[in-house]
Amino acid sequence: MLYHQERHITHLDLDTFFVSVECLRNPALLGKPVLIGGSGDRGVVASCSYEARKFGIHSAMPMKIARRLCSHAIIVRGDMEAYSKYSRLVTNIIQDTVPLFEKSSIDEFYVDLTGMDKFFGCQLFSGELKKKIYKESGLPISFGLASNKLISKVATNEVKPNGQIEIPFGNEKIYLAPLSIAKLPGVGKQTALLLFKMGVETVKVLSEIPIEMMQNLLGKSGTDLWRKANGIDETPVVPFHEQKSISTENTFQQDTIDIHFLNSELVRMTEKIAFELRQQNKLTGCITVKLRYSNFETFTRQLTIPYTNADHIILKTAKELFAKLYERRMLIRLIGIRFTNLIPGNYQISLFDDTQESINLYQAIDSVKKRFGEDLLIRATGARKV
Amino acid sequence: MKFIVSASSLLKHLQQISGVINANTVLPILEDFLFDIDGKKLNIIATDLETVMRVQMDVESKENGKVCIPAKILIDSLKNIADQPLSFNIDKNYAVEITSDNGKYKVMGENPDNFPKEPVADDTNTFTMSSTALVTAINNTLFAVSSDDLRPAMTGVFFELKKEALQFVATDAHRLVRYKRTDVTCPKTDSFIVPKKPLNLLKNALPNNEDELSISYNSNHLFVTHGSTQLVCRLIDARFPDYKVVIPTDNPYKLVVNKQDFQNALRRVSVFSNKSTNQVALNISGSELQLAAQDVDFSFEGNERMNCQYDGEDLQIAFNAKFLIEMLGVADSAEVKVELSTPTKAGIIKPTEQGDNEDVLMLVMPLMLNN
């Protein structure tokens, strides 16, 4: 297997991706503290610019606190659609350039360059890829080149923004040693706190703890952590896979019990992702509706259906599932809908259920949505009150 | 009660009707054959409460009587017994003792009075048709029957009787087959839906020859008689969808292709399509037909092109290849004609040559491509 030989893996990470996209769309934001996320009190910071980070703001922080820390920050409500578009753009550039890559999130990629060093030089090749991405998409990106995924990811995070670094084979442990354990992926708040209490602060100390002790302390994740601290990571770069589900959910500004509003939201959300499904030429075979009550108790219900992407079937199923799910007289905090069992394909027209008029109508609606934006033409039930 | 019967002949008769018996039945007695001797004639009956099949054979016996014998064990034993006369001895507790040259076998039978009664053929209308006509009709339509129990009307074949013709229609809402026989005269305009299982049984039990069948029906049941073999089944009590309105009458574009070539091309290309949708796109322009399938999840792709005759505007239309392959399998001619209009309207497939007295029309709905 390849794992026994020296590998060359580059981790690419788009710098403050959401913010970068917003800056491209509105250059006035450049150099200003920018927060992406819902502006309401319940929103969280999805991403923030480096200027905002100076104030101590970080992603996943509640918007309320972020605003307190930096009152003049510009808050932009995220536009996932635009981000996906730019992410796809970058994915396409990488796809066209490298032999094997993994898209691990919307803004992160692992590229396996093993075997290319002889011909191109991995450092040089990665540097050119970085330049190419910036030139073609306008988005700054950082990369770390190392012998495995773990080291390359840690290294990328260290050199951000707009940086590049190579950790030569054999130097993994030395590189990790002085870093804080919190920088290792997989070390969350709880684990970090536990280890800090034990006096373990740097990766060096962690790597010198006997593996058995780590096993006793944290179980399986303890040994995993120990291996990470020693710079060992054999996970392969898994080729890019299509997403396995399409979903959306909505946390309301205020918990609600207004059934008309809930139904309307459900219709709006379902219609939105059903359109997305059709645009991707996909069919779904399973629909899941999710509901969270104000006490955070969360319930889901799903139904397997014959493969479809037609609004009338999906909407009907979603409404039925919601009706079955919503059985308590309690305020609702969130509803969500998810399509799984996705397969590529198009809707099989039915002889008796579909009329030529309805088929034409669907095609017309979709072409209007495609041309003028998907929010322009929606079902009246799903329209928000102004 | 006592009788003597040929082992191979008995097995042959049992196998004709054993398909009726379900593997897991609600009533244990439904796992049995009913043996009914009436004047040197042995009637054997099997039922699943929906369908009843009966065959008759000659036996040597001195007395009349009835008994129920478990089907599986009887057939399993007969399969392993060389052809010879077997004597059956049944005592008053319905214990069955079978004596062969090799030895004796015992099996516990059941009280024949508990066996479900056959439906009575009253208030029926009757007509006749040839065995081969019915077998062909079943072969031409059964594959298109739906298995969606939520729409019971489509889980059977629709028999549409007219004075001068008999039509068989099957659909699963995505495709439809209409097979018409003009050599059958029905007593009056009428219609009923026959479930899939009895038709499958008939297809296997009936000979593909000119033997005359007598077909009777009333509001609940269908009775098909071929000599001493009879099948009775319950009809599906539902309204068949109004299929006539969905058959397009004005498809302007005609595509004529070699049937075998088209079917083979579809078989090859569809291997590379998604396994759930079997989606194959047809691109037709001038005298060329392109077939394309892909599964983006696995990066599979199949493309072929073949010659055709086509007189319409260039067209891209996608179908479930499985549907097309099955339909082409039914078309009994060297070439087929596909009538098309727009990419979202039904395509009609017809053999270019049809047999005397028969008319086949097949219809398939496309998959809706994003334009």
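Glycine residues also receive a Cβ, built from the backbone N, Cα and C atoms like all the rest.
Feature annotations, courtesy of TrEMBL:
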DOMAIN    A:9-188  domain 'UmuC'
BINDING   A:D13, A:D107  Mg(2+) binding site
SITE      A:F18  site 'Substrate discrimination'
ACT_SITE  A:E108  active site
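Everything TrEMBL records as a feature, shown here on the structure.
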residue	record	Cβ within 10 Å
A:D13	Mg(2+) binding site	24
A:F18	site 'Substrate discrimination'	27
A:D107	Mg(2+) binding site	22
A:E108	active site	17
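In the predicted model, the domain 'UmuC' (A:9-188) shows an average pLDDT of 85. The secondary structure of A:F18 (site 'Substrate discrimination'), as reduced to three states from DSSP, is helical.
A:D107 (Mg(2+) binding site) sits 9 Å from A:F18 (site 'Substrate discrimination'), taking the Cα positions as reference. In this structure, the CA atom of A:E108 (active site) is 5 Å away from the CA atom of A:D13 (Mg(2+) binding site).
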